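Report on the structure given below.
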Amino acid sequence: MFGHHHLDKVAGHSKAVTAAPKPDKSGQYISLMALVMMNVTIIGSVANDVQQAYYGLSSVTLFVIGAIVFFLPTGLVAAELASGWGQRGGIFRWVGEAMGPGLAFTCLLVLWFQTAINFGSGVATASTTIGFYTPDWDWAVNFMNHPKFQLFIILAWLAYYWVLTWISTKGVKAFARITKYGVLIGTFIPLAFMIVMCIVWLAQGNTPNVEVSPEAFNPFRDGIKLSTLSLAAGVFFSYAGIDMNAAHIKQLKNPQKEFPLSIFICMILTLVIFIAGTLVIAIVTPESQMNLVYGLNQTYKILGQCFGAPWIYVLFVWAGLGASMASLVTNMAGPSYMLGQAGRSGFLPKALQSNNKHGMPSRLMYLQMAFMTVIAFLCFLIPNIEGFVILITQAVTILYMLYYVLMFVSFLRLRRDQPNRPRGFKVPGGKVGAYLVAGLGLAACAFGIVLAIIPPAQVSQEVGSPAIYVGVILALIVVVLGVCFAIYRASRKHDWVDASNQFAPFTWEVEGLKKPQKVLSNVPSDMLADGQNPMGMPIKKLWNPNEQLPEAAIKAAQKGTVPDDDPAALNHPVKPAADAAGVAGGGIPLSQPPQISKAAKIGTSADVGLKEEAATPSSEVAVKQAPDVPAASAAMVAQESVPQDPAADARAAQAAEKEDEAALASAQSAAAQAEVRIQAEKNRIQADSQLASAERAAKEALAAEQEASKAADKNADGAQEGPSASDSTPSSTTK
């Protein structure tokens, strides 16, 4: 359905960018734990445990199954993709590398719509829980069942959302702090309280409200029911979203190592939150008293009664507001941030591309909040709200599952099409392990899609006939995909590329290909992106799709450098590796061996019109000789005073020594990169020499063939003259 237009646009640009993308000076580094907390914010929350608590100990089994068939595959696949293609874009980068920019852009739009619809549809329900921020429990429950002034409360709630969106526009560093402390205060501290007080509650002689037996762990002991399958699907996809914060991968100091590690830490913490929180709620709260809306607050109230403080739930409701803040700022920033990055490379109109001084796509974020506001009012104003929410929720679920289907398929295609591309982390088990992990994830996605299409029991009351239910869901999906397709088609007809965008081109674009296809190159994606023009602009340096570089040189070149398109480079400026090694900024054009290039249907630098700049590493390094310094006089020595703080001088000396070591490591890394470039140039020269030899041999063979042909023609002429002479001899004799 989607084509590949970026390379087709290259020829249409009148001005080619000659410099590599400059670092985004608004970005800042975030720590590993900050990213972990951002991941936990998206996935893990004790507020999500109430629904699963209905099923007692069997929910533990479902959580474990969900972790195995969906959470683990998603985390492993995202870790490998991020470590191999760590440039900006997240899932847009990964799907685009495997299947082209059209489907990649669709993934981002689906995620953007899904986030807005999910949060918008929850505003009306959240507005009914305002009473739980007071210590009057009975009034809070009554207000939830019979809300008053709900429109004004919704307006206030939306104003709160708008304020959090404004905070999100202040940059990754700003909302990373909110996320870190919001998750700590709103999730981990309440969870610790629940665990400790549950132990106290049991020690006081209270009886657990769940059956404790081996059979209780079996969710299918009463047979396979649709309600149990729906719960299983809900558990599976409560783990969704771990890939979303790949949008911020370039704010990590060492993304290839830290991003996969953050995923695995998040997986452990999320399992603890889900299992521990669900068990505490199930043990403490009687099933007959559970409520999906305020069940967690009820658990806090029961546990508070252990020491005569049932009002303590109020503290945790306010603490939960911290988790809510963290979740909203993260979800508002992530999808818009990725969409904005891709949009500046030619996919969105100019009006939606602008970033504020903090490097955030504020217009896109406010547009998403406006769309969320519309959804919130629709959910409030539509009379049959339950039916509307069911339809839109199921449609979004299917779209979200298609999003993950594309991610798993892209993972398998990249394993097949780019087998030699270095990855900092690989799914274990080789090809079998890759297909097993992706197969589990795809099966889980298919399971969720099927359950979303099956009409629920209340469909006739809320929606109508099953045919109407399925038809409306499919129509909603077609509308969303149609919007994605229309925007992509418009991007092909308009030149929306921002030449200053920080988006690196896809590897297949750098390798001179029109679309993703199988290549044998072992050059890291970061090295291919180094020094290139941004996506949507002419490729500055073409690489051969089958280039093979020494493994040791690649590993050495990847150590201790900051990528050129890293926005955090502002905070830790480093000298470009090429300059440090003495290579001119223009560098050696890395066109590769022509005999391989012909097989890949690309040529050398001369063939593709690149200008070769004969820049080679300098063999002469100017070294200033130390001048002769006369010895100090006794008077000068006497004037010198002993330092008052020798320890400070020692610390300063140690710091200077560390700086020297860092500079040495940087120089060694730069030298390694220069070695890689030199080796690539040697390969090209050797290949050109072989080609010239082959051409000379071909010319010599052609000349020999021409000489042989001339000799053959001469012999043929002589043969024709011979018979004529012999015929005249008998004639003269007779005469």
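Every residue, even glycine, has its Cβ placed from backbone N, Cα and C.
TrEMBL lists 645-655 (among others) with the feature compositional bias 'Low complexity'.
Secondary structure by DSSP for the compositional bias 'Low complexity' (663-674): 12 helix, 0 strand, 0 coil. What TrEMBL records for 663-674 (among others) is compositional bias 'Low complexity'.
Feature annotation from TrEMBL assigns compositional bias 'Low complexity' to 690-706 (among others).
For the compositional bias 'Basic and acidic residues' (707-716), DSSP puts the residue distribution at 10 helix, 0 strand, 0 coil. Annotation comment: TrEMBL describes 707-716 as compositional bias 'Basic and acidic residues'.
Marked as compositional bias 'Low complexity' by TrEMBL: 723-735 (among others).
Summarising the annotation, TrEMBL assigns region 'Disordered' to 1-23 (among others).
Marked as region 'Disordered' by TrEMBL: 638-735 (among others).
What TrEMBL records for 29-47 (among others) is transmembrane segment.
Residues or ranges marked as transmembrane segment by TrEMBL: 53-79 (among others). Listed by sequence, the residues of this chain that lie at least six past the ends of the transmembrane segment (53-79) yet keep a Cβ under 8 A from its Cβ atoms are 210-212, 216-219, 221, 228, 231-232, 235-240, 242-243, 246, 259-260, 263-264, 266-267, 270-271, 274-275, 278-279, 281-282, 285, 287, 290, 295, 404, 407-408, 411, 425, 427, 437-438, 440-441, 443-444.
Annotation comment: TrEMBL describes 91-113 (among others) as transmembrane segment. Distant neighbours of the transmembrane segment (91-113): 1-6, 81, 85, 243-244, 246, 335-336, 338-339, 341-342, 347, 368, 371, 396, 399-400, 402-403, 406-407, 409-411, 413-414, 417-418, 480-481, 483-485, 487-488, 491, 506-508, 515-516; these residues of the same chain sit at least 6 beyond its ends, with a Cβ under 8 Å from one of its Cβ atoms.
Residues or ranges marked as transmembrane segment in TrEMBL: 149-169 (among others).
Same-chain residues lying 6+ beyond the ends of the transmembrane segment (181-203) with a Cβ under 8 Å from its Cβ atoms: 37, 40-41, 44-46, 272-273, 276-277, 280-281, 283-284, 299-300, 302-304, 306-307, 316, 319-327. Per TrEMBL, the feature transmembrane segment maps to 181-203 (among others).
The transmembrane segment annotation in TrEMBL covers 223-242 (among others). Long-range neighbours of the transmembrane segment (223-242) within the same chain, counting only residues 6 or more positions beyond its ends whose Cβ lies under 8 Å from a Cβ of the stretch, are 39, 42-43, 48, 51-52, 55, 59, 62-63, 65-67, 69-71, 74-75, 78, 263, 266-267, 270, 274, 397, 400-401, 404, 444, 447-448, 451-452, 454, 456-457.
Positions annotated as transmembrane segment by TrEMBL: 263-284 (among others).
Distant neighbours of the transmembrane segment (311-329): 37, 41-42, 45, 47, 119, 132-135, 137, 161, 164-165, 167-168, 175, 178-183, 185-187, 189-190, 193, 296-298, 300-301, 303-304; these residues of the same chain sit at least 6 beyond its ends, with a Cβ under 8 Å from one of its Cβ atoms. Taken from TrEMBL, the feature transmembrane segment applies to 311-329 (among others).
Same-chain neighbours of the transmembrane segment (364-383): 112-113, 115-117, 119-121, 123-124, 150-151, 154, 158, 161-162, 165, 168-169, 332-333, 335-336, 339-340, 343, 348, 352, 389, counting only residues six or more beyond its ends whose CB sits under 8 Å from a CB of the stretch. Taken from TrEMBL, the feature transmembrane segment covers 364-383 (among others).
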In contact by Cβ distance (the transmembrane segment (263-284), the transmembrane segment (29-47); 3 or more pairs under 8 Å): yes
